[in-house]
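Note sheet for the following structure.
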Amino acid sequence: MPFTPSTTPESVRRVACVGAGVIGGGWVAHFLARGYDVTAWDPAEDAEDKLRRLVSAAWPALEQLGLADGASPDRLTVAPTLAAAVADADFVQESAPEKLELKRSLLAELDAATPPGVVIASSTSGYPMTDMQTTATAPSRLVVGHPFNPPYLIPLVEVVGGTHTDPAAVAWASRFYDLAGKSVITMDRELPGFIANRLQEALWREALHMVANGEATVEDIDASITEGPGLRWAFMGPCLTFALAGGEGGMAHMLDHFGPSLKSPWTRLEAPELDRALRDAMVDGCATAAGDRSYADLVAERDQGVINVLRATGRLPQPTPHPSHSPQPAHPTASARLPLPLRLSPIPLFRQVVQEDWIDYNGHLSEAYYVLVFGFATDALMDASGLGAGYRARTGRSLYTVEAHVRYLDEVPRGSQLAVRTTVLGVAAKKLRVLHEMYRCDPAGEPSGDPVATEELFTLHVDQRQGCAVPFPDATRDLLAAAVAPSPEWAGHGIRPVGA
Ligand SMILES: NC(=O)c1ccc[n+]([C@@H]2O[C@H](COP(=O)([O-])OP(=O)(O)OC[C@H]3O[C@@H](n4cnc5c(N)ncnc54)[C@H](O)[C@@H]3O)[C@@H](O)[C@H]2O)c1
């Protein structure tokens, strides 16, 4: 029976989550944060309490990620029966225990209870849908939507149908997950373990072999990943990473150079024959993945990525303020153009990699995106001064920009790493003036050369609920006041002096 959707992925309002343990609860939190109404059902007696605890515990992280308009834990309903949970659903996510017989009968029950034309997705970690859809009456709408724990933080979902699934249902589910903020991989064939779990499993089995044979300790194995390749995998996959190991010759050189070692017993997993077709598939695949990025671009991206991961995980100290914050400016030409108050500030340097879709038809950073990057730097300043996402959500208070003066000083080519150094120019009870200076980074991730742009910003601390400016919290005002770089030199460069 072909699948005829009852609604478009764009029109989904209510999601039913059936099975509300670790994964089902994680899905509930994710869908709530994306602004959906969620109905959950789980047969366990204490399921509702556990689920609400999971959602509450996840909510601060979800706030940091950014909530959709109207998103609220209050939009969760726990249904008394499976039938009640799915009766009004526009999409169903099944996350019951990983037991084949249970999945088979549960999917058949869900199929019978869910309105026709509604896609039902299973979170299964490894069963092919073909094996699970055997007893359903309308198997064409059953798909796998395999998440990673926790589904509200890890973006990936792998989507695939079974023999009796209509490809239209797979396409519908992929589009829906995409709209719901997931990173979707749509597979065109069933593969036990899908993609990511096969890769994880290969590594896991080799780790078990090494421990079983006394070849490495558990500690060695974990350190070999967290101190080694794992640092790169968060932002660049293993294929592109290996292509860089081939230097400017890329994947072709890498395979020609290291290909023969595929015959060596480096792992218990047998390597495929590296014939011409496989070599070309790898080389072409890496070229596609690299897109317009040159070897130098990719190296710069990798280097900055590793530095970012090392910093984010506390293994590298935050950068010390650049010498240009000392009384002797390190960039005389920049300071000649605009004398600035140069003094040590505790405000951290904000870093940003230029995104591909920020590039205009001239191959450089588009005008509006300079301002976007400065906006991110202002967010970082808020985070650093106690006005972060948690404060904003709790109080409804935030910084509002009322005046900005941007100078575009130089082009920013694609692939650039940017750093924004922020100097506090002045702070009063409700007002704050800052100067952002944007630099391109050297390969070590440090700002280099003259600023490519500056933004002078006058902001007010506003209470949205009261609709007016209000005083900063004392701690924030003290912190910002301590960072102020008092100097008459900046006066007259685009920002009015701010009164007390
Ligand atoms: N845990 C992971 O890391 C992970 C990752 C990806 C996918 N998955 C998959 O997600 C699914 C759920 O795994 P989990 O880790 O959340 O397990 P879990 O044990 O934490 O949760 C399972 C929940 O299902 C409920 N349940 C039991 N019988 C049920 C039924 N007949 N109908 C509906 N619910 C029922 C249980 O009460 C429990 O709350 C499995 O298919 C698993 O393979 C798990």
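Using N, Cα and C of the backbone, Cβ positions are placed for all residues, glycine too.
The NAD(+) binding site annotation in TrEMBL covers Gly19, Ala20, Gly21, Val22, Ile23, Gly24. Annotated domain '3-hydroxyacyl-CoA dehydrogenase C-terminal' per TrEMBL: 193-262, in sequence order. The region 'Disordered' annotation in TrEMBL covers 314-336. Here TrEMBL flags 318-330 as compositional bias 'Pro residues'.
Here the domain '3-hydroxyacyl-CoA dehydrogenase C-terminal' (193-262) is broken down by DSSP into helix, strand and coil counts: 54 helix, 0 strand, 16 coil. Same-chain residues with CB within 8 A of the center of the Gly19, Ala20, Gly21, Val22, Ile23, Gly24 CB atoms, the NAD(+) site residues themselves not counted, are Cys17, Gly25, Gly26, Trp27, Asp42, Ser95, Ala96, Ser123. Cβ neighbour count within 10 Å across all protein chains ranks Ala20 highest among the binding-site residues Ala20, Val22, Ile23.
The sparsest Cβ neighbourhood within 10 Å, among the listed binding-site residues (Gly19, Gly21, Gly24), is found at Gly21. Residues belonging to the domain '3-hydroxyacyl-CoA dehydrogenase C-terminal' (193-262) score a mean pLDDT of 94 in the model.
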